């Protein structure tokens, strides 16, 4: 089985690292604060309805102003952020002295999107497709405009002014031709498209893709989405980074439609909403692993699983399940393949049954993915009475699915630990080795530097410090830790910052989700890339090489140990400077 996954992994990594998929994913992530912020006003306006309290109409309308003019313009913002992220990738292919202006690209993309999306009315304009219903069109615009700029800048199709002209003025004229070409191209396309179809592009896209929207809400569609995320992760590639860009427009549109149904007093019926992925499919992280650390904590007999359970139950509660994925491990572990794939599928099909058959309201609010799954389900469904039953039943089913497989795996590890102890005792060594037994996880780390090209060095896990703490007391060192969602990277950065403060060191660490790091990298001395983002190493190395920053990657087990041991994390940084 592992040989098959080893062959598939490079293909999945190439998909995840594709610059266009990355631009869509990172462009959406950049707009998440808008979605969460606007949802706060929406929840204040409508969550009290669950307890029979209704605001006066003027209060509700006032609260919804913030929602309507943030989420109502989401596609406009996404067009800009998607274009910006693709521009950053394109700039890596250009000389440092001849770069695309990201601000100009954002402006051109947003103008082009508005031209394609607004429907003129007799009095005013229709802004329907500036929000969630225009997301696919926004992605299209955000991916095309940077390429127009790239062709113009690369081939010097720009207006050049004398050297005596100030740089900011010269840049404005340099951007004139690519901006003019971009806006004019979309204007001509919009005019021709409307003449041919009688409607604007976003509306036409929704009409054409409506069967796909409906299919994604079916049992089969939901199972494929949930299973695909788990399958990719099992192969070692961050699943949501591949699946999410394809389904985000559907999830956001469904969430908005659900809210409209609720406001109209109708049954909230769309199953695939934003938080369905976060709280149902990924109940405690990809693979629905919320119950896994608790099973290990209370039922495991092997030292390895007991230790992982102890370290993982808090992060998993908040949807950060890397300690489980890499600590057990689940990734590439045939013993845990079936429950890891089956549990999220069972969860989402059960959710579909509760919504479609039992009449429970689906999710109409968008909460941060780090909210514990049971709490997030209750809030997102507006505290629907059946949601309480669903949460309890989901917990029971997840335990029932995972428990027998974990028990078998635990027995295997326990036997290995006992065998190891016997060997040590036979050699006359009074050392208990069970805590360090990890036959399926290699140790060591890989370091890629700006002078290293594609070569890598494998260092021992306990590499000696190159400088000692005295170095950090005399020199400022900035470290950036990157992971998929900012969860484990935050834990590691906090551990480094805490020790730095306690010992008076000039070491500063920052944490980001991958894709939110471009502006920080140039000011860093080191970037630590979490193992779940290994597929992005090639793209990231181009950026770190550009700024002469050291890029360091770790194995899964070592990364988890670093997040749980501040001294080890500090030694790790020291040994790589």
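A Cβ is built for glycine as well, from the same backbone N, Cα and C atoms used for every other residue.
The domain 'PTS EIIC type-3' annotation in Swiss-Prot covers 4-405, and the record cites sequence analysis as its basis.
Long-range neighbours of the transmembrane segment (27-47) within the same chain, counting only residues 6 or more positions beyond its ends whose Cβ lies under 8 Å from a Cβ of the stretch, are 55, 59-60, 63-64, 66-67, 70-71, 74, 77-78, 81-86, 139, 142, 244-245, 248, 252, 259, 262-263, 274, 364-368, 379, 382-383, 513, 515-516. Marked as transmembrane segment by Swiss-Prot on the basis of sequence analysis: 27-47 (among others).
Residues annotated as transmembrane segment in Swiss-Prot: 63-83 (among others). Beyond the ends of the transmembrane segment (63-83), by six or more residues, the same chain brings 23-24, 26-28, 30-31, 34-35, 37-39, 41-42, 44-45, 55, 105-110, 112-114, 117, 127, 129-135, 137-139, 141-143, 145-146, 202, 252, 256 to within a C-beta distance below 8 angstroms of the stretch.
Sequence annotations record features per position, and here Swiss-Prot assigns transmembrane segment to 100-120 (among others).
Here Swiss-Prot flags 133-153 (among others) as transmembrane segment.
Using a Cβ-Cβ cut-off under 8 Å and counting only residues 6 or more beyond its ends in the same chain, the transmembrane segment (176-196) has close neighbours at 104, 107-109, 111-113, 115-116, 141, 144-145, 148-149, 152-153, 157-159, 204. Look at Swiss-Prot and you will find 176-196 (among others) tagged as transmembrane segment.
Taken from Swiss-Prot, the feature transmembrane segment covers 219-239 (among others), and the record attributes it to sequence analysis.
Feature annotation from Swiss-Prot assigns transmembrane segment to 280-300 (among others).
As annotated by Swiss-Prot, transmembrane segment applies to 326-346 (among others).
Look at Swiss-Prot and you will find 386-406 (among others) tagged as transmembrane segment. Only residues 6 or more beyond the boundaries of the transmembrane segment (386-406), in the same chain, are considered here, and those with a CB under 8 A from a CB of the stretch are 280, 283, 288-292, 295-296, 299-300, 305, 335-336, 338-339, 342-343, 346-347, 350-351, 354, 358-361, 373-374, 377-378.
Swiss-Prot lists 476-577 with the feature domain 'PTS EIIB type-3'.
In the three-state DSSP scheme, residue 483 (active site, phosphocysteine intermediate) falls into the strand class. The 10 Å shell around the Cβ of residue 483 (active site, phosphocysteine intermediate) contains 26 further Cβ atoms across the protein chains shown. Per Swiss-Prot, the feature active site, phosphocysteine intermediate maps to 483; the stated evidence is a curator's inference.
Residues or ranges marked as phosphocysteine by Swiss-Prot on the basis of experimental evidence: 483.
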Do any residues of this chain, six or more beyond the ends of the transmembrane segment (219-239), have a C-beta under 8 angstroms from a C-beta of it, and if so which?
5, 8-9, 12-13, 16, 247, 271-272, 277, 281-282, 286-287, 325, 330-332, 337, 340-341, 343-345, 347-349, 352, 484, 532-535
Using a Cβ cut-off under 8 Å, which residues of the same chain at least 6 positions beyond either end of the transmembrane segment (280-300) come close to it?
225-226, 229-230, 233-234, 239-240, 306, 308-310, 312-313, 316-317, 319-325, 328, 330, 339-341, 343-344, 347-348, 351, 369, 373, 377, 394-395, 398-399, 402-403, 406-407, 410
With DSSP as the reference, give the number of residues of the domain 'PTS EIIB type-3' (476-577) in helix, strand and coil.
57 helix, 23 strand, 22 coil
Take every residue in the domain 'PTS EIIC type-3' (4-405), average their pLDDT values, and give the whole-number result.
89
